[in-house]
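J.: I am attaching a structure below and will ask some questions about it afterwards.
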Amino acid sequence: MEFDDKVPIYYQIEQYINREIIVGNLAPGDQVPAVRQLALTLTVNVNTIQRALAELIRDGILVSERGKGNFVTTDTAVLAQMKQRVIEDELAETYDHLAGLGMAPAEMVAALEGYIKERKEGGSHD
Amino acid sequence: MTEALAIQGLGYRRNQKQILKDINLTLPTGQIVGLLGANGAGKTTLMRLIAGSAINFRGAISVAGVTTAPQRKAQVSFSAQMDGFNPSWRVGQVADVMTALFPDFRTADFLQLAQLLALDQKQRIKRLSKGNQRKLQLAVTLSRRASLYLLDEPFDGIDVMTRKAMLSSILRWTPEQATLVISDHHVSDIDQLLDQVVVIKDQTVVAQEAADTIRTQGQSIEAYFESFYGGEQHD
Amino acid sequence: MTSTSKVFWQMTKERVRQVTQLIEIDLGVIAVLVVMRLIGRLSSEDVLGFSTLFGLITVMVGFVAQAQSQEQVWVQNRWRLVPLADWKLYCASTLANLATSVYLWAVIAAVTTVEVLVSGVKGYWSNTNLVVLASVLVLILVMLMLLWTLISLEHMLTTMITDFLPGMQEKWLRRVIILVSIVVSLKLIDWFVDGITWLVNRAGITGASFNSSVTINGSGMVMHGTVLADLWLTIIMFAGAVLILSVLNCYLLSHWVETKQTPAAV
């Protein structure tokens, strides 16, 4: 996996796992792969994975069961909050980018609506 | 737990030139450390001193709590330990020789690593391409059960695919409590593996920092390393 | 920690393999000589003479090959990074050279004996006193050890000096240092031998007095007794020199002699 070299990798892995949960690759209650396995799959240090998982456990996204491993929480409220935060982060980034182009909020809304309409109509060639 | 490496007041001269001076460095167990420095900065020399190839130094070096040369050699696996192997030997024979000379060498691990890195047991060392020779060096180094692994520019002249295989091997075969030091002057080769970096410049350690700390400040490790060289041109 | 015996066996294995190649060449030459005898171009005496000569050459080349193997041990990472005290490494290498030499001589001697028996040339072995012969062999072995020890001392001193002095890129400078160190070492040996001889004379031990206090064998061996005593005196002297120089070599090895580096690295 390719990483942004200016952001701590453990943070990027947290984001990666959050997204896996949001898109459904990891369902509530699913077991997360073992630390060493994740390290190999993502080609990062075991310590980095451990830190990412520790943060996710602290946030309540993951639950650690002694002797069994780490599992995605079944608490759907927590997961919904997490999804909300991720969406907000994306929106914030888009907002900042468009504002940087000099667009006012009303313009942004109009542009987005227009774009979505076009995508739907030209939808077949994706 | 004893530190993987503890160096105090290390100084080293050779040919009447000061190569290293006032080096104080402590590395904890279970980490992957990048040893960064320009060409000729002294990275290899530092590794040679730790491993025991270079012996005429001032100061103290201890690895996993032991200080005498033979004890340190038992705790350190240095990528240069194949220097002097007969080039006519085959890859398979390398394992036999290593087993005879190093009690902590695991032939089973070596065979798996060789397979992972696509090394042919029957090939003679002298017939291996430069990349394959580097892979063999890595396989040999990681097949020893040591507390401290020293890899000197393992990716020098290696193509992208081989590097990925080598990175994978390093992750898979480094024991959990062991510490691995990789020297490189191309930071991007290794930066996503590093727990911390140690920068060598002007014959001494000018910085030791956790990778996460550097990145939290929005800087890539490469940029961090280059900041020590100001506007200088280097390799 | 690696065991000294494992290192010894690995060294011996490698050196024996090298020496066996030399033996094969020797056998090849003998085969050629035998063929020439069969087609009538050489006499039996000539064949024997040439093959003995070649046997000697093989032994000498073997000596050089072993010296080279030994010198590599001091400056190659594959040996110096082995978790073993340097003095034990030194002993292992010395013993490996001894073992390899014994093997080489035994094979050459056997080959020569076979040739002598086969060719039926008479009078080759005159009445040889086995005890004296054995003592001479021991003397030669000790002399070889002294030579290897001196070569190692040379090499270590030169390595030390070239690591210490600046401007060592010049080849001629390195060669001068090697020459100087050889001259200096020979002078040291000279002084050492003089010193021992002086000591021996002071203590009143001469070959003659040795003879009178040691009875080898009643009948007709008294004459050999003197030769034997002198032989053993020399052996002991040389062995003493080997011991002292070896201690010096071990000290240099663990405090000064570092391994070679590949050129690109610093």
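Glycine residues also receive a Cβ, built from the backbone N, Cα and C atoms like all the rest.
OK, TrEMBL features for this one:
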TRANSMEM  C:21-42  transmembrane segment
TRANSMEM  C:48-68  transmembrane segment
TRANSMEM  C:89-110  transmembrane segment
TRANSMEM  C:130-151  transmembrane segment
TRANSMEM  C:172-193  transmembrane segment
TRANSMEM  C:231-253  transmembrane segment
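Buried or exposed, and what's around them? Tell me for each listed feature.
T.: Remote same-chain residues near the transmembrane segment (C:172-193) are listed as 150, 153-154, 157-158, 161-162, 165, 237, 241, 244 (criterion: CB distance under 8 Å, separation of at least six residues from the stretch ends).
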J.: May I ask for the residues of the chain that lie six or more residues beyond the transmembrane segment (C:48-68) and have a Cβ under 8 Å from a Cβ within it?
T.: 15, 18-19, 22-23, 25-26, 29-30, 33, 42, 97, 100-101, 104-105, 108, 111-112, 115-116, 119, 121, 124, 144, 147-148, 151
J.: Six or more residues out from either end of the transmembrane segment (C:130-151), which same-chain residues have a Cβ under 8 Å from its Cβ atoms?
T.: 63, 66-67, 70-71, 94, 97-98, 101-102, 105, 185, 189, 216, 224, 227-228, 231-232, 234-235, 238-239, 241-242, 245-246, 249
